[in-house]
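Before I ask anything, here is the structure I am working with.
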Amino acid sequence: MRIVISGGGTGGHIYPALAFIKEVKRLHPDVEFLYIGTENGLEKKIVERENIPFKAIEISGFKRKLSFDNVKTVMRFLKGVQKSKSYLKEFKPDAVIGTGGYVCGPVVYAASKLKIPTIIHEQNSLPGITNKFLARYVNKVAICFDEAKAHFPSEKVVFTGNPRASEVVSIKEGKSLKEFGLDENKKTVLIFGGSRGAAPINRAVIEMQEGLKAKNYQLLYITGEVHYEKVLNELKEKGLASNMITKPFLHQMPEYLKSIDVIVARAGATTIAEVTALGIPTIFIPSPYVTANHQEINARSLEKHDAAIVLRESELTGDRLLHAIDEIAGNEEKLNQMSRLTKELGVPDAATRLYNVLKEITTT
């Protein structure tokens, strides 16, 4: 079988695609993949690092206000469709999967016009503009949140979950927290604000330093590389808590997750897939800067099952964050209950489910 994958712009669209490729390759080594992205996007560097064949098209997103740039976007889209058709005719895939981001628009649309079976994978509870557009052309729409159903034709929707869940569950031997000087016998809280960090989360962690010092749990705190020096200097002024280790970035984060008891993070789709697959209780601080506030909608879908605590960024303080951490890490019964409820929402076989949908549309 030959499969084309397209998705880009953010890690939330790219990493599920890579997790899917990895799982399918593990189960079926003879399957061939081609990844279509943009030349300047994050996906090019990440995908090529994984030694996956990569082709590029030029595309940009629509402005939400009336703008001459939208005329250019339409022209790029049409050119992107033609370029995609040439790649597809050359590669001759059995199916095409779009995982979101502007780049998959021309690719999946071109595939549908060439009568190639197509799937879009929507990671969020509130779909992006590209997937909404593509829904009318594809064979199936794979979703990760029940809330997304309402935005797509019901006969096309299938719940698969996010393949990133399969990837974290498949890690047998995780990395040890000892390399950071942390005690493996203590409850450990991981705090991070996404790949670049988040200033409001950093501010709250700095504020809670004094209260943190007396706690019997420990923190692994990831500032984001751009914030690291500034945050470290402020922490030193406050007096560093001995039960917190501060790092700018955590490479291969999934390798450490099985050693983590509680997470404080943004509510991106990839993070949610990981914590639910592993059953890690999480305090979500959704980013208010994303389209249609979809991160808060993602987080609330877990909160309503008592599987997460949600703190709005606008209400975030050091005291509130420390209280929320105490509520879970300082209460064994609550931690175990939330872990169980979180895991019940996980889809550890998401990659296999998506592959089964793909097989279904290529054999009918």
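Cβ coordinates come from backbone N, Cα and C, glycine included.
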With Thr10, Gly11, Gly12, Asn124, Ser195 listed by Swiss-Prot as binding UDP-N-acetyl-alpha-D-glucosamine, identify the candidate in Gln252, Gln295 belonging to that site.
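It is Gln295, as the record lists it for that site.
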Which residue among the binding-site residues Thr10, Asn124, Ser195, Gln295 has the fewest other Cβ atoms within 10 Å of its Cβ, if you could check?
Ser195
Sequence gap of 6 or more, Cβ distance under 8 Å: name the residues on the same chain that satisfy this around Gly12 (UDP-N-acetyl-alpha-D-glucosamine binding site), in order along the sequence.
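Set apart from Gly12 (UDP-N-acetyl-alpha-D-glucosamine binding site) by at least 6 residues yet with Cβ under 8 Å, we have Gly100, Gln123, Asn124, Gly268, Ala269, Thr270.
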Hey, what's the Cβ neighbour count for Gly11 (UDP-N-acetyl-alpha-D-glucosamine binding site) at 10 Å?
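I count 18 other Cβ atoms within 10 Å of it.
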